[in-house]
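Notes follow once the structure below has been shown.
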Amino acid sequence: MSLSLWQQCLARLQDELPATEFSMWIRPLQAELSDNTLALYAPNRFVLDWVRDKYLNNINGLLNTFCGADAPQLRFEVGTKPVTQTLKTPVHNVVAPTQTTTAQPQRVAPAARSGWDNVPAPAEPTYRSNVNVKHTFDNFVEGKSNQLARAAARQVADNPGGAYNPLFLYGGTGLGKTHLLHAVGNGIMARKPNAKVVYMHSERFVQDMVKALQNNAIEEFKRYYRSVDALLIDDIQFFANKERSQEEFFHTFNALLEGNQQIILTSDRYPKEINGVEDRLKSRFGWGLTVAIEPPELETRVAILMKKADENDIRLPGEVAFFIAKRLRSNVRELEGALNRVIANANFTGRAITIDFVREALRDLLALQEKLVTIDNIQKTVAEYYKIKIADLLSKRRSRSVARPRQMAMALAKELTNYSLPEIGDAFGGRDHTTVLHACRKIEQLREESHDIKEDFSNLIRTLSS
């Protein structure tokens, strides 16, 4: 019996689990087999508890399959083992459209510096942290749409410079990417108060570089950015077509990774889809972990509204929160803005917050949403997206090239409009409500199983809500 047993388990787990789950939870594990005991080492307690809770039965089942009565006992521990005694899971890209994987060059961290065991006291130059102390993991509302992103960010905060470096978060505007950046920064500094953590928008990096060139201070610029312990850059897509900035960031990126210094980047799109950015940079963006943040589902939208109201000492009836969440679906920022308007109107008028009051306070916003998202608009958008005719969506054709877009359009109609299932079915060629319900459940299932369907749904939501 040897560590090849764990390799067999890894191969099977990679086949059985979604790519995101495998990369996030199984990949960081290290294994040691001795005395008929397989010890699995997790980088921190968070990963250990999650793996033991979610995947213990899977792993034990595989051990029994491969070894039968001779299956080793399983033991979990927090920590790492020497390289000669460990076996790490190979790196795989996650949450990515189907694509050809670019091999990642081997990176060997310098032995002299871990970057995190001994963080020095602040020294010149003075670092501008810019981390907003108000954005923490505690006040980030978690749901299915952002669960993986939050979990990855939490792990980076607990173990910066580790397995998820760089961490790349992508998704539409107002979905919580910036909140998570600040939460990681706050988490790192809570753990290491003297850590040099710098948050910035990508345009600030460009501005700093331009000033450095103008003032003949490019070496100081390089020293500043290459000596931080964690660099958190928002909206990296603004590097597009800025060749000199991309060149400098390329070398900064390499220097930070070689020093085991953490990099977190955000964008409104998947790395490979960022136009105007060099391929060598886009390739590096995907070296660590890439995770999507999607528009919040109904339950999460309600939870966001209730939490925001609670923070403002406002009693928000559940039916009112549901009413708002059902009608405003695109992003968190829009939800919070609408609630702020409701609260302000209630304070000015002294009236109770009811559904009728909300209808009045948000009448222009609600009217705009209802005007923008109609079943006709959904059918037109879906037909264009899948390059079929609207008539195909209404027809009786059952080929997958038509049936799947039809199901997608029905699911979007249920998500984005207030029409009943029978009304939606009637708009799709006179189908009954059970057909619509089946379509909605099918798309929900496929969003869990297929990255392509998940991406299609998110792209269409963004298009229809913009």
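Cβ coordinates come from backbone N, Cα and C, glycine included.
Feature annotation from Swiss-Prot assigns ATP binding site to G174, G176, K177, T178. For 1-86, the entry in Swiss-Prot reads region 'Domain I, interacts with DnaA modulators', with the evidence type sequence analysis. Among the features that Swiss-Prot reports, region 'Domain II' is placed at 86-129, with the record citing sequence analysis. Residues or ranges marked as region 'Domain III, AAA+ region' in Swiss-Prot (evidence: sequence analysis): 130-346. Here Swiss-Prot flags 347-466 as region 'Domain IV, binds dsDNA'.
By a simple count of nearby Cβ atoms, those within 10 Å, the most crowded of the binding-site residues G174, G176 is G176. T178 (ATP binding site) falls within a helix when secondary structure is assigned with DSSP. The ATP site is defined by G174, G176, K177, T178, and by the 8 Å test on Cβ atoms against their centroid, the other residues of the chain that qualify are G171, T173, L175, H179, L180, T266, I293, N331, V332, R333. A sphere of 10 angstroms centred on the C-beta of K177 (ATP binding site) encloses 24 other C-beta atoms. The residues of the region 'Domain I, interacts with DnaA modulators' (1-86), classed with DSSP into helix (H, G, I), strand (E, B) and coil, number 50 helix, 17 strand, 19 coil. A mean pLDDT of 80 is what the model gives for the region 'Domain I, interacts with DnaA modulators' (1-86). Same-chain residues at least 6 positions away in sequence with a Cβ under 8 Å from that of T178 (ATP binding site) are, in sequence order, H135, D234, T266. The DSSP breakdown of the region 'Domain IV, binds dsDNA' (347-466) into helical (H, G, I), extended (E, B) and coil residues amounts to 93 helix, 0 strand, 27 coil.
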